[in-house]
Amino acid sequence: MAMVVSVWRDPQEDVAGGPPSGPNPAAQPAREQQQAASAAPHTPQTPSQPGPPSTPGTAGDKGSQNSGQSQQHIECVVCGDKSSGKHYGQFTCEGCKSFFKRSVRRNLTYTCRANRNCPIDQHHRNQCQYCRLKKCLKVGMRREAVQRGRMPPTQPNPGQYALTNGDPLNGHCYLSGYISLLLRAEPYPTSRYGSQCMQPNNIMGIENICELAARLLFSAVEWARNIPFFPDLQITDQVSLLRLTWSELFVLNAAQCSMPLHVAPLLAAAGLHASPMSADRVVAFMDHIRIFQEQVEKLKALHVDSAEYSCIKAIVLFTSDACGLSDAAHIESLQEKSQCALEEYVRSQYPNQPSRFGKLLLRLPSLRTVSSSVIEQLFFVRLVGKTPIETLIRDMLLSGSSFNWPYMSIQ
């Protein structure tokens, strides 16, 4: 399809220029009335009430107001969401702006699983990255406008990131404040997960495994309840987000505390030794354990620090993929805020590792390869029996710190 590109004209130029020069059409009826009055017989008249003063610029002012109102409701040319301004040559929303910037900066290549003609709107823009980038380019967003390594061009809104008065992170006060609150929300510092947790070569007993698993899950939920923006969401959205992401947060917490994952005690904790199981099921189950171990080891190999873990968990938590969200676009914007915080933190703290940010993000999709049902079977069947973890998550959100686990007595 051929695309016609015309020279863009700023709507503000028409507003600033005022009404076009030439005869004022509003003055024509006034001259006709004066001529008619002079031709008519003169009769005494009582003084009339003065009318509103003549304002030659009224028509122009009204046009300016209408133009200003239309400026405030400009749609994103990519997905139709409300535009936040002109980015990379076109009016786009924050989501499409950030997506285009990430794609160009990291020179990402996407693949369409359909016919390369997927609908891109507010509700489907996250389903196909290939078609989304294709539309960004089709509507005229310019690759050359994305400057490598550039700081975000716009200033944050008041209160958007001004969360604490902590020390600035290389001058980025709003980022350091956001990350500081993510870190402060951790209910259990690494040192309080248990002394055995930090000894990977130490084989933990069944009771210790169950205790640690309870801490990791409780920590994920309690952390989410105390981070910025999450408590402001509707409780139904909070439950939906945690129901979808609890297993990913659990894996991240397991990697952060270097949780020992030896096969024998894990199988014992899952109760596989007590119930007969076919050889095929045992092999499949052990394969799931291997996947879990691989994800934890790959994260540990990157030597992810506490601030990075907090940002990564926020990126995982704020996902618009959860079902039934009341405002998926808002959730997506929170994910992008967290991703920007991680990107700037890595750039400032690890300047000699230019690929570090990309490596961290590449670990996120594979977190979902760890089956949540396997995590339940491995760590929680002895703890809660057949009670679904989603039910426990809802109860933890509603009851908060007063929620009691059977294995939460050790401090």
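Just so you know, glycine gets a Cβ as well, placed from its N, Cα and C.
Per Swiss-Prot, the range carrying the annotation zinc finger out of 112-136, 337-361, 387-411 is 112-136. Zinc finger is the annotation Swiss-Prot gives to one range among 76-96, 139-159, 181-201, and that range is 76-96. As a whole-number mean, the pLDDT of the DNA-binding region (73-148) in this prediction is 86.
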